[in-house]
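Feature annotation from TrEMBL assigns S-adenosyl-L-methionine binding site to TYR39, GLY64, CYS65, SER66, ASP90, ASN91, ASP118, ILE119, ASN133, ARG200. The annotation domain 'Methyltransferase' is assigned in TrEMBL to 60-159.
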Amino acid sequence: MNHRDTIFSKPLPSVADFSFDQHVVEVFPDMINRSVPGYSSILQTLPQLATRYVQPDSTVYDLGCSLGAATLALRKGCEATAPVQIVAVDNSEAMIERARLHLQGFKSQVPVTLRCEDIRETDITNASMIVLNFTLQFVPREERQRIISTLFSGLRPGGALMIAEKIIAEDDTMNDVLVDLHHDFKRANGYSELEISQKRAAIENVMKIDKLSDHFARFKEAGFAHYGCWFQCFNFAAMLAVKGTD
Ligand SMILES: Nc1ncnc2c1ncn2[C@@H]1O[C@H](C[S@+](CC[C@H]([NH3+])C(=O)[O-])CC(=O)[O-])[C@@H](O)[C@H]1O
Ligand SMILES: O=C(O)C(=O)Cc1ccccc1
């Protein structure tokens with residue numbers, strides 16, 4: 001069932017920190033589509049990226065998989081490269097349980113293993129492609145470099161890391177413009193001022209966003225040979241980092 005997100009529609013006496021619980025699971029596809037500009041465009045591009053980067057006899061990781069939308073998109077692009085396996089990880093029990101039901105509805109040659117685990121503990125080996133589609137922003141900032149470096153170590157030469165994130169623009173005035181455009185996007189998708197402001201309060205402590213330059217500095221530090229941004233809609237961006245082959 002695809003329910004409408006009304007989680008922040010009533011005034012709350014105090015707004016608790018956002019968590020990916022059962023309530024969020026019930027409305028998640030609606031919430032992410034109405035809140036994240038470019039989300040569907042990014043998903044639509046994943047099969048192409050998978051076709052380009054996934055190598056035979058390797059593993060594809062979808063870290064912070066939620067209901068498995070990116071896993072399904074990646075799998076489309078992997079069918080011709082088999083044997084390949086996908087490992088999809090999320091630390092929300094409610095998400096993984098629902099992802100399992102959802103994935104059962106689709107047939108494929110490519111096996112998917114769902115793991116309820118913290119991505120900070122995921123062992124990455126023999127990877128040709130790793131995707132964090134709006135996940136790194138929920139991991140404490142001080143742990144992000146270690147994670148990116150671990151992902152780099154687990155990637156094969158020529159392998160790719162795809163990271164999509166909400167970002168802060170480098171220029172303060174430009175950032176104000178992008179934040180306003182995002183809020184207009186949410187209003188146009190039916191969210192009220194109350195919903196927008198209560199959601200902002202709920203994610204304030206749990207979702208710490210970076211500038212593109214912070215992401216690029218981490219890719220460089222980890223050892224990636226090539227990296228850049230391949231998509232941006234307002235303050236939401238998708239990046240790619242590729243491991244060298246020499
Ligand atoms: N430390 C962690 N370990 C594992 N999972 C985590 C962690 N922190 C957060 N998560 C999980 O990361 C997901 C982020 S949503 C990803 C959308 C998906 N990629 C999609 O393509 O639809 C993005 C959003 O809601 O903005 C949630 O399911 C969390 O439980
Ligand atoms: O809703 C927002 O304002 C966001 O920034 C994106 C988002 C989407 C889904 C869960 C948490 C944050």
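The chain as shown is numbered from 1 upward.
Glycine is no exception: its Cβ is also placed from the backbone N, Cα and C atoms.
Note: TrEMBL annotation is automatic and uncurated.
Features per TrEMBL, on structure.
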residue : record                               : CB count, 10 Å
TYR39   : S-adenosyl-L-methionine binding site : 20
CYS65   : S-adenosyl-L-methionine binding site : 30
ASP90   : S-adenosyl-L-methionine binding site : 26
ASP118  : S-adenosyl-L-methionine binding site : 12
ASN133  : S-adenosyl-L-methionine binding site : 26
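In the three-state DSSP assignment, the secondary structure recorded for ASN133 (S-adenosyl-L-methionine binding site) is strand.
According to its DSSP assignment, ASP90 (S-adenosyl-L-methionine binding site) is in a strand. Remark: secondary structure over the domain 'Methyltransferase' (60-159) totals 44 helix, 28 strand, 28 coil, with classes taken from DSSP.
Look at TYR39 (S-adenosyl-L-methionine binding site): DSSP puts it in a helix. In the predicted model, residues of the domain 'Methyltransferase' (60-159) average a pLDDT of 97.
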